[in-house]
Each structure stands twice: as structure tokens, then as C-alpha cells.
Amino acid sequence: MLVWSRPGRIVLWVLFALLFGVLFLAPLAVILLSSLADQWNGVLPRGLTTEHYSDVISGAAGDSVKASLITGFLASALALVSGTWAALSLRLQGPSLKRLLGLLFFIPSAVPSVSVGLGLLVAFSHPPLLLNGTVAIVLIAHFVLISAFTFGNVSAGLARLSPDFEQVASSLGAKPTYRLWHVTLPLLAPYLVAAFGLSFALSMGELGATVMVYPPGWVTLPVSIFSLTDRGDIFAGAALTMILVVATLALLLGLERITARATGT
Amino acid sequence: MSEAVAAAAPGVRREPGKFWIVPPAALLTLLFFYPLALIARQAFLDDSGVANAAEVISVLHSRFFLNALINTVTISVAATAGCLIVGLVLALILAFVPFPGSGFIARLIDTFIALPTFLVTLAFTFLYGSAGMLNAGLMEAFSLPLPPVDFLYSTWGVVLAEVTVYTPFILRPLLAAFSLVDRGQIEAASVLGARPFRIVRQVIMPAAIPALIAGGSLCLLLTVNEFGIVLFIGAKGVITLPLLIYSKAIQESAYQVACIIAVINVALSLGLFGLYRLAAGRLGA
């Protein structure tokens, strides 16, 4: 406790409530309210309706929920495999190569997503690898952007893992493959689940690279929200944003529960 | 066969599966580094493979590029400063003047990291837009003819939205650093009559500085690369480098110009990434 006087503490708490309210609570509350607003010309909306949700779900936006979920799932699964693979095989390298490669695997997270999209357009717009205008290029863009995060999460998990278990398994005669499947990966499982959840959430909200490469038939949620609001249909945009937020939070909460059960906390 | 490997093992250092790194590294090279190299190539060479310095120089001297560069730097520096101040205030209260439910609030702010950035801009349109809640309220209360609050579609609207989105990135390392501060030291200083401000300056701040540097450089990197917030604000005067790349490539099909700007933007980002790694390395993260 830093401040002992009660009035002093109350002043600080009010300051906190103000900052938290204006910066974090108000935006979420307002998105929720506007997604339900019938008409909004004054301070508060006049009348509430679920019309925007039904419009959004029955319209083309329903497809974008599907596109986002499929893209997020496939890109995260691929990123999980390649990130885990990279983190595990990086342990077998010498120290200097390990440092260099570790850095290279992190770099995609530091490059602006629009540039990642531009690069894919430039690289894959002509044969032999003509991917421009396909769903695959969207998946690749998401995979590239989230792979660094899965790699980072799994590496952090590996670093925290006690080497004893693996050494014991090894001294008991467990072959490398057996050790990987029955010792290392189960111990890593909580970190893998957390990495998957974070990648999925990042993919659901990805806009910069997607807006560069998406084909007409595969409009993800953020792109769909942007085109709705750009057309001036901000209430429908808010409804779709709420769907995105709820889907992301549900995903994260569900995965957190799985992780908690796995680690027994 | 495994016997043969085992027999050879004592002599040379065993190097099992050194080449397992090749598949993920090859995938990363094909899907990320190769496209990045092509951007650089297209920026500096024209279609026949001849260097075109004239085009590069004309883009670098153009008004739209310089404006975007100035906007990007101004916005990211201002937003990072805002994040540092707000993050420090929130972290100090959460860690040292806790209230019932403060742990839950800290985790709630953490989940904002997972939400898409443009959500905040969309919300700000309803809050501070020309027909938003704040303006409607002020116009009603003071019967004003015009909306009085008009910062949203400017640089400051983008800065405020970015402060909201990126403050959790400061808060997280700060709370981690504060959890290591010796509570006894604070209490001792307090019993000896030190005022809270002095305790913050002399006891808490030294512990906070590494976290502030690491969080701040991460914020700089993320705000330089930010795209969704600027796109959703949609203000004509607020064009940053990522937005310029998007508009040149997609709206004007000027791929070469887009590539030249992308090279600059990537170089800027990688510089900041290096700064962040350095800071995080010092912090021991």
C-alpha cells in the first residue's frame, strides 16, 4: 500500500475509474449499444433492436464469419505445427546459429502486415506459383503473420520446461521420437493451446494483409466490417464487430479453461 | 542402424537431427523472406532489371511520401508517450493502491491485446464523431449550432485510439516489474515519512525504467506498423506509411511506388524491432 490516507486513495481510484472507463469500458459498451440501436441521433439511442444482427447474419456477412473461422483455424493449425517444429529443432543447433535463426523466426511479427500482403502479391501473381485471387494466399498471409507468435510462445514454454524429465526418459532408454510424443509434447501442451488461442484471435482480427490479398469470395470479418462502415452502415458494422469480439473472447476463455485443466491450476 | 550411430557417438559429438530445422526455415523463406526480397527488387529495379534511381528519388522527394513519413513518426511518438503515461498511472494504482477486483481489471485490460485494433476507432466514431454521444450531449446542453468537439478525424483522433489499443503492452511488463518491488522497502520509506511521490520517484521508478523502455520500444514498433485504426478513421489528411502502401498498390495499382514505400517502412520497423530486442534483452525478457 503506497497511499495510506483514505481520501488520497479514493482520489486515485476515481482517476483509475475515469481512465479505465474512457479508454477501455466506453468503447466496448458503445459498440454493444450501437449494434442494438434502432436510431441514434441524440446522446442515447432511441429504441433498441436486434435487426442489425439478423441483417448481418442473413446477409453476405454470415459468409465472412465462416471465412474468418476457417482461415483462423487453418492458419493457426499450420502455424502451430511449424512454430512447434521450429522451436523444437532450434534446440538442436549450436548457440550462434540458434540466436540467428531465433531472430529470423521472430521477424514476421515486426514487419507491417500491409507489406507482408504486398510481398505475397508481388511474389505469387504469376506462374509457377499463381496464388493471387485464391483462398490460399489469404491463408498464407495469416500464417506468416501469426507464425512468429506461435514460435515465440512455444519457445518460451520450452525454456520454462525442466530438462530433467527428458533426461530421465532418455536415460531410461526412450528413443527421440518416443520422448517427443510421450514426454516433451505433453509437457508443452498448455503452451501449445495458449499459442493456438492467441494465433486464432490474431487471425480473426487481421486486417492489413488480408485487405491487400483477399479474393472476392473470401471476405474475412474485419474486411467485411470495414466495407460496411465505409459504406456508412456503421450499425451493421458494430453488430458484426460484436460478433467478432464475442467469438474471440469465447475462444480465448475456452482455451484458457483447457489450459487450466491441463496444468491443474 | 541405430547401433551404428550409437557406436560412432563417443568419438564425435552426437548431432541428432540438426537438419530438422530445414522444413520450417524453408517455409518461412519461401512465404516471407522471398516475397520481402522481391519487394526490395521491384523497388530498385524496373521490369527489364535496370536500376531506376530516378523513380526512387522522385518518390522520396514527393509530397505524399514526406507527409506520410512525418505523420507516421508524429503519431507513433505521440501515441507511445501517451501509452507510457497512461500505462504508468494505471500500473501504479493497480500494483500499489489496489482495490477490490483490481486483479480482475488487470486481466480484463490484458484481453484487449487480442481484440482487433479498429474496434476502438469504430467506437470512437460513436463517442466523439460529429454526430456522436459527446457532441450530441454538448449541443443539447448548450444549444450549440455546430458540433464543438472535432478532433476525431485528425492526427489526435488516431493518437487517442492508439493509446487505448497499445497501453496494455506497457501495463503488462510494468505490472511484472512492480510485482518484484520489495513491499517492505515501500513501507519503511513510508513510515520514515516519505511522501508517496518521493517513494514513486526513488523506490519504484528505478524498477520501472527497464519495463518502460522495453514496452515503449514495442509500442513504437506497433504504432509505426498500425493500419486498421488509420484506415477506419478514413481522414484524408491522416495518411501514414502503411496506408500509403495500401492506397498506392490496391487503389492506384502503382506497385513500384508501393514497393519503394514498403522498403522504407520495413527498414523503419526493423530498426525499431532491433531497439526492442535490445531493450527486452537488457530487461531479461
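Yeah, the Cβs are placed from backbone N, Cα and C, and that goes for glycine too.
Where the annotation comes from TrEMBL, it is an automatic prediction and has not been curated.
The annotation domain 'ABC transmembrane type-1' is assigned in TrEMBL to B:69-276.
Residues or ranges marked as transmembrane segment by TrEMBL: B:20-44 (among others).
Marked as transmembrane segment by TrEMBL: B:64-97 (among others).
Summarising the annotation, TrEMBL assigns transmembrane segment to B:109-131 (among others).
Per TrEMBL, transmembrane segment is recorded for B:151-171 (among others). Within the same chain, residues 71, 74-76, 78-80, 82-84, 86-88, 90-91, 94, 106, 109-110, 112-113, 117, 120-121, 124-125, 128-130, 132, 211-212, 215-216, 218-219, 222-223, 226, 229-230, 233-235, 237-238 sit at least 6 positions outside the transmembrane segment (B:151-171) and bring their C-beta atoms closer than 8 Å to a C-beta of that stretch.
The transmembrane segment annotation in TrEMBL covers B:203-223 (among others). Same-chain neighbours of the transmembrane segment (B:203-223): 75-77, 79-80, 83-84, 87-88, 91-92, 96, 162, 166, 169-174, 176-178, 180-181, 185-186, 189, 269, 272-273, 275-276, 279-280, 282-283, 285, counting only residues six or more beyond its ends whose CB sits under 8 Å from a CB of the stretch.
Outside the transmembrane segment (B:229-247), and at least 6 residues removed from its termini, the chain residues within Cβ reach (under 8 Å) are 64-65, 67-69, 71-72, 75, 117-118, 120-122, 125, 152-155, 157-158, 161-162, 165, 258, 261-262, 264-265, 268. Residues annotated as transmembrane segment in TrEMBL: B:229-247 (among others).
The transmembrane segment annotation in TrEMBL covers B:254-276 (among others).
Here the transmembrane segment (B:64-97) has Cβ contacts under 8 Å with residues 105-106, 109, 155, 158-160, 162-163, 166-171, 174-175, 178-179, 181, 186, 200, 204, 208, 212, 215-216, 219-220, 223-224, 226, 238-241, 243-244, 261, 264-265, 268 of the same chain, all six or more residues outside its ends.
For the transmembrane segment (B:20-44), the list of distant contacts is 51-53, 56, 255-256, 259-260, 262-263, 266: same-chain residues at least six beyond its ends, Cβ to Cβ under 8 Å.
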